[in-house]
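According to TrEMBL, the protein carries these features:
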| type | residues | note |
| --- | --- | --- |
| DOMAIN | 12-98 | domain 'Ribonuclease PIN' |
| DOMAIN | 267-338 | domain 'Nin one binding (NOB1) Zn-ribbon-like' |
| BINDING | 277, 280, 292, 295 | Zn(2+) binding site |
């Protein structure tokens, strides 16, 4: 990590957020580098105009597939893989690629950060006495207690203790002598003149004390610098990535890559995540799972985990966030058959329809045909009447299953 306001980075890899927020990147880095997918994400007209007239050269580089694989595998180990898009993975892979070229990979980690497991020796139980409530001794020890006079009347001892305490309190009260003049001074109100100067100074002090906690235009830069100094480290780096995505920051910092912050928006601690089923409480570290490997329900939830001092896995559940019933409120529709059913996916091993386009849609003009006309042929046959054409099923496109909406609801067509 580093503070972007004081240091200049040689190679700064930029995410889409920096272009959207119009960050002055020239003040942060010397060479501004990104990938083509980041540029494609900028679709706003105003942002595109700013992107065209940048006061510096924007370097667009390609990412090697081996670096993408390294980042993908590491993100699966930390549990952040479902929260990352393809563009996020390529930005991190480009950061890893430039760090490998400029600095090296000897200081980079291949496994997520975890606390060392500490072995704890078990302590022996304390010696139990026979007079403890709810404690049962074996037969041999009970005989020994009776021999030594272990049987006693509990009620007699309690009443005798109460009598002794009452006698002691009576003796102490007799020695006390109370008069009416002891606390007279406390009942009077002491009046003293207060000067007007003291009132003004106290009012000024209160006003200054109230203004200390407010953020004003005069102290905004000082507050930002103080926030950055608490969670960031000020150092000279060669390669760094500027992003405000917390999942990307978690992966980059666990690999030991440098992260440039935007106005102090940076994570405070590193975390690892797993999937936990909230019906059978099964835990799995395979973050690509959709259904629980034990009960088979679609009830997996992402939770943070850590290792405690004894080396046990500790789960941190956010109780403030309630479980969502989205997609589980309405009754399921009747299962349909045919070549193109859109049935909801309920189990992991559910057979899926192929959803292939028709034979006419898969036919391609043959350039070696005698009747072939170069360019656009007026005799090209296009499939517009089949069921696959009406459902917009095309070769090479994945058929999406709508699970979040009510399948029984009548869909209104836009006029």
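Cβ from N, Cα, C; glycine included.
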Tell me, how many other CB atoms lie within 10 A of the CB of residue 292 (Zn(2+) binding site), whichever protein chain they belong to? 21
From the centroid of the CB atoms of 277, 280, 292, 295, the recorded Zn(2+) site, which same-chain residues not already listed sit within 8 A by their CB, in sequence order? 279, 281, 282, 293, 294, 296, 297, 299, 300
Tally of DSSP helical, extended and coil residues in the domain 'Ribonuclease PIN' (12-98): 52 helix, 12 strand, 23 coil
Please work out the number of neighbouring Cβ atoms within 10 Å of the Cβ of residue 295 (Zn(2+) binding site), leaving out its own Cβ. 12
Of 277, 280 (the binding-site residues), the residue whose Cβ has the fewest other Cβ atoms within 10 Å: 280
Could you give me three numbers for the domain 'Nin one binding (NOB1) Zn-ribbon-like' (267-338), the DSSP helix, strand and coil residue counts? 0 helix, 20 strand, 52 coil
